[in-house]
Amino acid sequence: MFAKVLMRRIGNIQFTYKTRKLSSKPRLAIVGSGPAGMFACNGLLRKSNFLVDVFEYSPVPFGLVRYGVAPDHQEVKNVINTFDAMFEKNRERLRLYCNVKIGQDITFDELTRGYDAVLLAYGSYKARKLGVPGCDSKNVISGSDFVGWYNGVPNAPTPDLSASNVVIVGNGNVALDCARVLSTASSGSLRISDIPDERLSVLEKTATKDIKILGRRGPENVSFTIKELREQFKIQEWDSKLEISETDLKNLIESLPKLERKKKRLTEVLVKNTGTTSGLRQCHFLFHRVPKEVVADSNGMVRELVVENTETSKTETFPCELLIYSIGYETLVLDGVPQNENKMIDMKDHCRVNMNAECPAHVYATGWCAHGPRGVIVDTQQQSSFVADQIASDFIHTRHSIAPGVDLVLNERKVPFISWDAWKMIDQQERDQGKLSGKIREKFTTFEKFLSKRLE
């Protein structure tokens, strides 16, 4: 394998030829520093002799762990401690390049010529559009954008939270996270979380009193996990109920004996919390509602959502000053990465990308890149561990490499990036600043002063 790769690389000698020399270890590039990439990285550092460079689009690492996990679920974010220890233990073999955009700062072709192997683990960040008339109205936002905003994503637009009536389209955990944060923000319970102060102050002034969570199918098709669902029903001062037909309730009850344990427990929670909401603050779980039109006022601000009730074949109109949709994601495929007929990465098997024979590197994918947006962090960990085993096995006899990495290219183009040491400085400053107000950390939302244009 080494001889074959050597000949391919010689054919591309014009690419940073000055840095090409035989090294003691093969090189791996990981695109994405979220759970999928980091779990695979951890496995590969233990099971192979790779030198690993991690590239992250965002200014800081850890992807959805930092910007996607709910701020009231800090225990889930503790996985960062594992990743932190991994970087500290492997400083001689592992480097981090945040704020580097593969496909823009470095092309995918350049990446494959700079490394012996490339692992795509950048997730799927493009939310699927609602796709109905009026969906571009003001204050119509995706669930991932709303989650990113309150989690401190840089340059995220601020939603108008003066809305009394909120509609959330979607029956997954992102929809529940959005509803729960809106339901609890005004109570002050999020003040110890890692929501940036500037965004927390907006959340705490929310005027939300009515939330409707709409499912396009029946209650038996929800993708909630039991922990998140129970949390919504336990929120004080809010009455949350499934408002479903007698037919749906009957079907749920009759299905219970046939369900596997996990699904059965979830269905029992659904059945237990059916009824009609009352009180000053209400959260309604409604089903069989398909969005048909977003109605805006003269200023372009959303005011109503028109839906079709497929159970009754009637049209319904809900007042709505904030519309959040969470109906899945579209897989983003980098320029140069082969696509299949479904516009996803063309996979040769469960982890290997179907590259052409001229590609000098072995290319792999894991997580949402490989199989679409599904599963939770535990699922990602298991899959990425398996992918690490496969990559290590493919390179078990590869002891040497001429792959130069992309240091020279980054320097020549003066690409500003944040290294591991720069991130640790940010991390410590965020923690120190958070302690002053009793918070876990005070997330920064701008990082210009930490960016470096020179490689050490």
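The backbone N, Cα and C atoms fix where each Cβ goes, and this holds for glycine too.
Automated prediction, rather than curation, is the source of TrEMBL annotations.
As the structure is a computational prediction, the values presented were derived from the model and not from experiment.
What TrEMBL records for 27-375 is domain 'FAD/NAD(P)-binding'.
The FAD binding site annotation in TrEMBL covers ALA36, GLU56, LEU64, ILE102, TRP368, GLY375, VAL376, ILE377. Annotation for ILE377 (FAD binding site): spatial neighbours PRO35, VAL65, VAL76, VAL79, criterion Cβ-Cβ under 8 Å with sequence separation of six or more.
Marked as NADP(+) binding site by TrEMBL: ASN171, GLY172, ASN173, VAL174, ARG216, ARG217, GLU228, GLY375.
Averaged across the coiled coil (242-269), the predicted model reaches a pLDDT of 97. The coiled coil annotation in TrEMBL covers 242-269.
LEU64 (FAD binding site) has a Cβ environment of 21 other Cβ atoms inside 10 Å.
When the binding-site residues ALA36, ILE102, VAL174, VAL376 are compared by the number of other CB atoms within 10 angstroms of each CB, VAL376 has the fewest. Taking ALA36, LEU64, ILE102, VAL376 as the binding-site residues under consideration, the smallest Cα distance to ASN171 (NADP(+) binding site) is found for VAL376. Sequence-distant neighbours of ARG217 (NADP(+) binding site): residues of the same chain at least 6 apart with a C-beta under 8 Å from its C-beta are ASN171, PHE287, HIS288.
Of the recorded residues, GLY172 (NADP(+) binding site) and ILE102 (FAD binding site) place their C-alpha atoms 30 Å from one another.
Applying an 8 A CB threshold to same-chain residues 6+ apart, the list for GLU228 (NADP(+) binding site) reads ASN173, LEU176, ASP177, ARG180. It is ASN173, among the binding-site residues ASN171, ASN173, whose Cβ has the fewest other Cβ atoms within 10 Å in the structure shown.
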